[in-house]
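Marked as compositional bias 'Basic and acidic residues' by TrEMBL: 486-500. TrEMBL lists 57-479 with the feature domain 'Major facilitator superfamily (MFS) profile'. Summarising the annotation, TrEMBL assigns region 'Disordered' to 486-506. According to TrEMBL, the feature transmembrane segment maps to 55-75, 95-115, 122-141, 147-169, 181-200, 212-232, 264-285, 309-330, 342-365, 371-397, 409-431, 451-475.
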Amino acid sequence: MPAQDLEKQGAHVLKVLNMKPIVSSNNSHEELMPHTVDPAEDEGPTLKDVTRREWISIFILCFVNLINYMDRFTLAGILDDVKKEFGIGDSEGGLLQTSFVLSYMVFAPLFGYLGDRYSRRYIMTGGVLLWSLTTLVGSFMDHFPMFIMFRALVGIGEASYSTIAPTIISDLFIKNVRSKMLALFYFAIPVGSGLGYIVGAETSKAFGAWQWALRVTPGLGLLAVLLIFFVLQDPERGQSEDSGHLQAGTLKEDLKALMQNGSFILSSLGFTCVAFVAGALAWWGPTLLTLGMALQNPGSDEKHDDVPFMFGTVAMVAGVIGVPLGSFLAQRWRPMYDRIDPHLCAAGLMISAPVVFLALVTAPVSGNWCYFFVCVGMVSMNMTWSIVADILLYVVLPTRRSTAEGLQMLVSHALGDAGSPYLIGVVSDVLKIKLGNGTPDASTDFHSLQYALFITCFVEVLGGVFFLINAFYIVKDKKKVEKALKELPQDMQTPHEDPASARTSS
């Protein structure tokens, strides 16, 4: 049954069965069962109901997501070495990340389309293999254009995984269990990013060459390929919501439905602002801190080589606190307040904006205070990760969720972290000329980058506004999907298949 027809179903899908009553009449006036059940009271399955195989699948997805983000931010931990190697400035340094994200965002919708229609296991296996091999080969490139090309190829491989993995979680779990698993999955993003800084910096030191830092994740990637292909469970689409065997609509129909979904559009715009800020701070944060600490002791020969390690540690701590905190608060308050998800996201960004501003201001004054404000700002921003993913999954039908993931990635990266590292680098280079009067020094280098990064504070406020508007649509869009699934004809509500056969049908 085409997915798009579900939203058009009315009462005509209900079947009247000619059956004799199996319970005799009762003259008692007592109500045997409440007439209605508050959906908020229906908690659904708990973590105790999660099977061993489902835990294994979640472990695999989280492991791959961890090394995914390790790979993305390894370069950020060794950016100064890369710039010296190729003789490039801030704008070209930002272009390294931008080239990766551009290919990532362009191919995300393609993999989303394929992920709604073909074997997700096979698509992810090929994607992880591609990103592992291109990362490894790229580490041997000694010409900057070739190096950029291989970074772009890495983005294609990573797009295949990031687009599809959350939809597998949505088909394995529902309600609060799904929220908890999404929090665990997105918990790997800031932790993996932090490990990327640390692995990059420390491996470079240990081997005396930054290229070796790019040869760590490919080995882990090959392990991930084996786990995905031979072990990962690929459930039937809609399985967790008892809506298996749904047929995907055409791409045109899916896109039309998504463009009419206010919650999807506004949460995607809010998440775009998160991606913009996260990309800019993650890429330029260590560089800003290094320049700022150099100003604390002018004339000192101290190199501050520990900055990438410290920044990575702070990023991991912020992830350990922020992602579970956002998920916990959302699950705790949803039964009492049905608009809590977008409001929590808005609060996280509105709190993060002034805190990030304080981090940028204190960098040349106190390293400890700067790290503190960076941590608090990241904690507030990280609260949004799993909540945004949850919003997408419960306001979009099962058969178009991969397409929705791909489209959200296209928008969030196109307007977010695809351009933010490069934009900040370009603004910084322009300000160096204005502030330095043709004779740049340490102070000019710092202040030009600092002023450029002030842009992120304004973008966070804008993201908060998008989420506040999202709150006006969230309840209606969620109930629309729930109603469509409940009105599914009985002959389409099939029992869960054996995992092996489900993979075959996928």
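Note that Cβ sites are derived from N, Cα and C of the backbone, with glycine treated the same way.
Residues of the same chain lying 6 or more positions beyond the ends of the transmembrane segment (342-365) and with a Cβ under 8 Å from any Cβ of it are 263, 266-267, 270, 273-274, 277, 281, 288-289, 291-293, 295-296, 326, 329-330, 333, 373-374, 376-378, 380-384, 387-388, 391, 446, 450, 453-454, 456-458, 460-461, 463-465, 467-468, 470-471, 474. The stretches the transmembrane segment (122-141) and the transmembrane segment (55-75) meet in space: the count of Cβ pairs below 8 angstroms, excluding pairs fewer than 6 apart in sequence, reaches at least three. Looking at the domain 'Major facilitator superfamily (MFS) profile' (57-479) alone, the prediction's average pLDDT is 86. Between the transmembrane segment (371-397) and the stretches 95-115, 147-169, 181-200, 309-330, 451-475, it is 309-330 that has the most C-beta pairs under 8 angstroms. Scored by C-beta pairs under 8 angstroms, the transmembrane segment (147-169) has its highest count with 95-115, from the stretches 95-115, 181-200, 309-330, 451-475.
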